[in-house]
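**Q** Next up is a structure, given as structure tokens.
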Amino acid sequence: MNPTSVFSPDSTVVGEEKMSVRKRLSKFINHAEEEDECQRDCAEESQEAPSNGRVDLKQLISKKIQLTAEAEELKPFFMKEVGSHFDDFVTNLIERSTSLDNGGCALTSFSIFEGDNNHRANELLEVDHIRTIYHMFIALLILFILSTLAVDYIDEGRLVLEFNLISYAFGKLSVAMWTWFTMFLCTLIVPYFLFQRWARGYHRTSHPLVYSFIHCFLFVVFQIGVLGLGPLYVVLAYTLPPASRFIVILEQIRFIMKAHSFVRENVPRVLNSAEKKSSTVPVPTVNQYLYFLFAPTLIYRDNYPRTPTVRWGYVTMQFAQVFGCLFYVYYIFERLCTPLFRNIKQEPFSARVLILCIFNSILPGVLILLLIFFAFLHCWLNAFAEMLRFGDRMFYKDWWNSTSYSNYYRTWNVVVHDWLYYYAYKDFLWFFTKRLRAAAMLAVFAVSAVVHEYALAVCLNFFYPVLFVLFMFFGMAFNFLVNDSRKRPIWNVLMWTSLFAGNGVLLCFYSQEWYARQHCPLKNPTFLDYIRPRSWTCRYVF
């Protein structure tokens, strides 16, 4: 998951979108009519002018050339604006349409569209320009491999084909796997049968409020006690290495979000059924819930659009690219990060060291960011979608073209954004009041920042809230300041510049702290030692 997986809600209604498009159309038509009138006036003046009037003819020609140039400049802008507003209009129309069988819940994109269009919706590498960038990354990986082999041969006198960093990071993988299997079984059994018991007994009980409160309390205990504290205990008790920890913690977060979505989507259906005194209780089947647990979405639906066949060659290619990205990250750390941070104890912590570290970390930080995006949001999710014949492949949008942070937050990770939008932002407004939109957005930023920092703190085994500060303060400020009103290309440049700098800061600070704790261990660390930055005082230990 990326640090910027929150969203900025679009408050524009469908009617406003219609009026906006109509206004722009009317402006363009009026402008075109003025050009036509001007051309007719010029033509009439040219007819009234004497045949030997060279000056009038030249003025007419230059005027026509000028009008033609203005029309050509206006044409792409007009088409871009109309296309953009039409997309927003259709998106808002879909989000505001009512569901026939979802108890009034808002629909996501996969609830509307089916067929081969969604099957091909996110084929990123079918675009020639993106494929060229993909080839450039492959060429860069080849250079990293050759550089590593050359340096090893020069230093060691032989080819060192060892992957010590990968073997260390994924150590104790068997513990991570049985922990995942236990989490999966608990998530499959407890939420489903707890909800089923509540749904079938709700209309029969004489105290529905107390009955519902007891089941809600048991569900919260399961979420916090079993899915929350259980995997955390395993990670700390068995001292899992970083990559194995990431597997457990990220899956822990995913199961918690999935269980919440399942209950949140089905409770209103049961309440509506009880209110209408229906004889049937709308409880999903176990197969529907099981499919949802593996489907690449965090929004529960009874049915999803399905593709007709599975392309196993495509699945193999996606998983191969995931492993390729894994080795790519290994070579980035081996060639760009390890030489930069391995001798941290030899240099005192200072502003000069910090600034140089940040700028030297920008390139590997950006490469790792793009590789994580491609490996997880494109390859991994598409592979599971293909195996499950899951039709909707809109896992991300064109975030790289964003001119505002609000748009970037909405398009970077659509899967997580949808969950935050429906279950954090909209539920906050429903529970309190729709006038507290700023407070709702602040709450979503806080939740997302805390979850991101929790994952990093547990996986790296130390608390260093750099990501939380960047996310909660700078990210939130940019969301309000660099909003959707920014459309010029310079804002896209500024967004990329801030992304580069932010990833450099994250990689620098967390890598410094990691190596400082490796080089400067404490014999009897206290709780404060886990939250106090070791990189600031590492030089005093030796």
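Every residue, even glycine, has its Cβ placed from backbone N, Cα and C.
Positions annotated as active site by TrEMBL: His452. According to TrEMBL, the transmembrane segment annotation covers 133-154, 174-195, 216-240, 312-333, 353-381, 436-456, 462-481, 493-512.
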**Q** Which one, 174-195, 216-240, 312-333, 353-381, has the most C-beta pairs under 8 Å toward the transmembrane segment (133-154)?
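**A** The stretch with the most close Cβ contacts to the transmembrane segment (133-154) is 312-333.
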**Q** Would you call the transmembrane segment (353-381) and the transmembrane segment (462-481) in contact, using three or more Cβ pairs under 8 Å, pairs 6 or more apart in sequence?
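**A** Counting Cβ pairs under 8 Å, fewer than 3, so no.
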**Q** Given a Cβ distance threshold of under 8 angstroms, which distant residues of the chain, six or more beyond its ends, lie next to the transmembrane segment (174-195)?
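**A** Apart from its flanks, the transmembrane segment (174-195) reaches 215, 218-219, 222, 226-227, 230-231, 234-235, 238, 240, 244-245, 247-248, 251-252, 255, 258-259, 262-263, 266-267, 283, 286, 289-290, 293.
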**Q** Most CB pairs under 8 Å with the transmembrane segment (436-456): which of 216-240, 462-481, 493-512?
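**A** Comparing 216-240, 462-481, 493-512 against the transmembrane segment (436-456), the winner is 462-481.
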**Q** Around the residue listed as 'active site', how many other CB atoms lie within 10 A of its CB?
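**A** The residue listed as 'active site': 22 neighbouring Cβ atoms within 10 Å.
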